[in-house]
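According to TrEMBL, the protein has these features:
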type	residues	note
DOMAIN	43-114	domain 'Cadherin'
DOMAIN	119-215	domain 'Cadherin'
DOMAIN	216-324	domain 'Cadherin'
DOMAIN	325-448	domain 'Cadherin'
DOMAIN	449-557	domain 'Cadherin'
DOMAIN	554-680	domain 'Cadherin'
TRANSMEM	695-720	transmembrane segment
COMPBIAS	799-808	compositional bias 'Polar residues'
REGION	799-869	region 'Disordered'
COMPBIAS	829-838	compositional bias 'Low complexity'
Amino acid sequence: SAGRRSQLLKGLPATSTVEENSAAGVAVYNFSVTVSPLASLPTIVHSNPLAEAFNIESKGGLEFRVITTGNPVLDYETMPKSFDLQIFVEDTTGRTDLNTLTIQVTDKNEHPVFRGNMAMQTVTVYVLERTSPERIYQVNAADPENAELKYSLLPATVPFLIKESGDIFSTKEFDYEKDPHCYFLNITVTDPDGLNSTRTVKINIININDEVPYFTTKQRIYRIPEEQSPGTIVANITAEDPDDEDSPSRLFYSIQSSDRHFSIDPATGVLRVAGRIDRDALPLRLHPNISLTVRVEDSPSRGHASEMEITVIIDDVNDNPPECNPSAFRREANENTAPGTFLFDLRNYCKDIDADPSNNQFIFTGLSGFGSNNFALESTVSGRLVMTGTIDLENSANPGVEVYTLTVRVQDTAHPNYSSKYPFYISFDNIIYIYIRIKPVNDFFPVFHNLSYVFSVSEITKVGSSIGRVHAIDKDWPPNVVTYSIVAGAGTRDYTNIFWISPTKGDVRILARLDYETTQKHIFTVQASDQEKSTTASVTVNVLEVNDEEPVCSPNFFSLQIPVNLAVGTNINGFRIECQDRDSDPRSFRYFINEGNENRHFTFSPSAGSNTSHLILASSFDYEGGLDTNWVYSLRVHITDDNLVSARDKTTHLTKTGTVTLSIRVIPNPTTATTTTPGFTVVTRRENLYSPSAWYVPFVLSLGGSLLLGLLGCLGLLLLPRLRCCCCCPPAGRARSTPLFYFLLCLSSQAMTKLNTIFDGEARDPVTGRMYEFNTRSGARRWKKSSEPLQPRLAMQVMSSATENSGQGVHRAEAPSKKEPSEKRKELTAATKPAAKPSAGQSETPGQAGLRLQKKKEESEDGGLSSPA
């Protein structure tokens, strides 16, 4: 498989040797690979110790060899004597092999080597005449194999010898006038195997003299300009030695005083410039004269010498151009700055460092650049830059440039000589760049495109929608950033802000739903500001009316009971619904029964064109023939507001629908007349939802309830002794007043009930057809006045029974039981019979009806729901 270790290298692992000092390309070891093709050639992936002394080259086919690279050259004495090379190969199938080749470096006898000065060049030794025989030089040589060496000297006729230690000795006292002035000695060093090396030692015999040399040059003061190139000749100092007679003098020249500016040729006495001479730098700026002491000797040591003092005067040249720091200036000037206004002085930032006053004078010329006609230099000498024109950024003739780029040329008044110091300096002038930024001044107020804006918006526009945009411009240049805000209006009684404006774009959006029926027009003020100046505009938003209100009908739920033999066309129980729509005409209503009208027994009249409509029995019931089987009808009535809309416009007109639910129970033929108001069972359904944001409500209610209970408990404990005394043991004198006390207590209770009772439900008495109101908690009832609307807490669903219709989620009346009508009437009469009948011709009061309803409710809670009459 790919990546598997295989035996691909043939002849490895192995050990081989190589001789030290081998040249590059010497073959060290041959090996081959067993398969082909190869993904890569064999490679040395690691060397221990690390070195690049070996490489692998191909011999052709599958044969390879390890060779020396010559970098570094192998040295047995200084380098490791063994190398372990890890050779890696991989074929195209992914098989690999890794083996080690050990290479041992073998020693080779090498030539002896000279050390010290003799290793690099011929050594010259000077010997004074008349000097007794002595050691004149020590030859230093070594053998790489640390073998003992032998020294020899040729030619053998010279008056010198060399000892086994390498010391060279003179064998006689030399005479300069008789003996040769120079000897060349060939020094040979040999190792035990006969390998040798040879170097030459030159022996110069030095003449001894007793005369003092003297200077022949008479000039003592020299003058040169500064910044001369090194090597420039300043003076040619000459001297003679009487000992030399007619031959050239062998004299040695030197400068005794330490000076880095000059040097003298020790053999010829030529004085040259040795280093940079800057007249403009200290100490030459203050003292331009350089004094030198020149010494001439007739021997490098223990000879006779003479000295002479010379002076070199350094002259200043105009070698420095004027320089300004900084070379670029940035200044600001307000627009509409008056002509003649001073900006700044260039001379405060420029200077010429030449020492001579004639060379350090400069002028300013050549003011140029786009818009330079608005600026000027007072004079070429002063360098004061002033305004000459008025720059108005808003002026149409103005090019609209905020930053003016100017250039000023600074140049020497004297002829420049920069070539020695700046050989590549093309221009002798210095260019100054001046950037003048014209600072805008806020001259103008923002101006709206319109003094007022009018937007017309549909009342059903979604919250967050854009309804228009205001725009203002600022004539300042560059234009200021204009921000928009609403500073007045834009709110109602319910909302602080109905509208929002984008601060940057002026886009006006709505934050709350608009309602034409509440407010038809909104007027508010917007402001445009450039951070310094502002202006305002009026915005009027006209709300466009849209049919977005549903018809609201009263009652929206009602329970009815009708006899099975009710005549067709009868207004059932005199029931009617009355509808209102805030945004529709009363004639725009249509009435139709959407659900539950089996066999089309019921209809509304009028069916359209009025805000009131009566429930009419449209067809008779047929239970005996089997056509009708349902005794309870749950009707869902839809009321739409599109009656006045044409058929063509109904596809685009927005129609709203209101809903009324009616529960109608059909009563079989009665055998006895029912003269009492039937009992009603009130079912109240409430659902409590917890809001996490109102966490504090249960806490406050719990705390208040606890405090109230504690207070009532304390009051009860305080009143208990008195109540016992008053109720159980009334005083004899007050025994007759007890009935009056209880009668007054009853009246006050009834008064409290009257004041505190809220009649939050209404229904129709199926016997008398009159409307009455009732309290869903206590069961109290009263007859409803014809002109009195239903109280706002009417939210209960009043039904003949508490049977819940699981299909529609409302309570429907149960079907009649299988008892005979006469038995049912008897039960109904027994259940609803009041304790005291009202007198003939006197109707039952709402209070009596409420007491009877409360009693009926308690009986229903104990024994279940009672059957309606």
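One-based numbering along the chain as shown.
Using N, Cα and C of the backbone, Cβ positions are placed for all residues, glycine too.
Caution: TrEMBL annotation is automatic and unverified by curators.
From a predicted model like this one, the values you see are computed outputs, not experimental measurements.
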Number of helical, extended and coil residues in the domain 'Cadherin' (449-557), per DSSP: 0 helix, 50 strand, 59 coil
Other parts of the chain folded back onto the transmembrane segment (695-720), taken as Cβ under 8 Å at six or more residues beyond its ends: none
Secondary structure content of the domain 'Cadherin' (325-448), with strand meaning DSSP E or B: 10 helix, 50 strand, 64 coil
Secondary structure content of the domain 'Cadherin' (216-324), with strand meaning DSSP E or B: 3 helix, 44 strand, 62 coil
Structural state census, the domain 'Cadherin' (119-215) (DSSP three-state): 1 helix, 46 strand, 50 coil
Secondary structure composition of the domain 'Cadherin' (43-114) [DSSP: H/G/I, E/B, coil]: 0 helix, 42 strand, 30 coil
Overall pLDDT of the domain 'Cadherin' (325-448), taken as the mean: 82
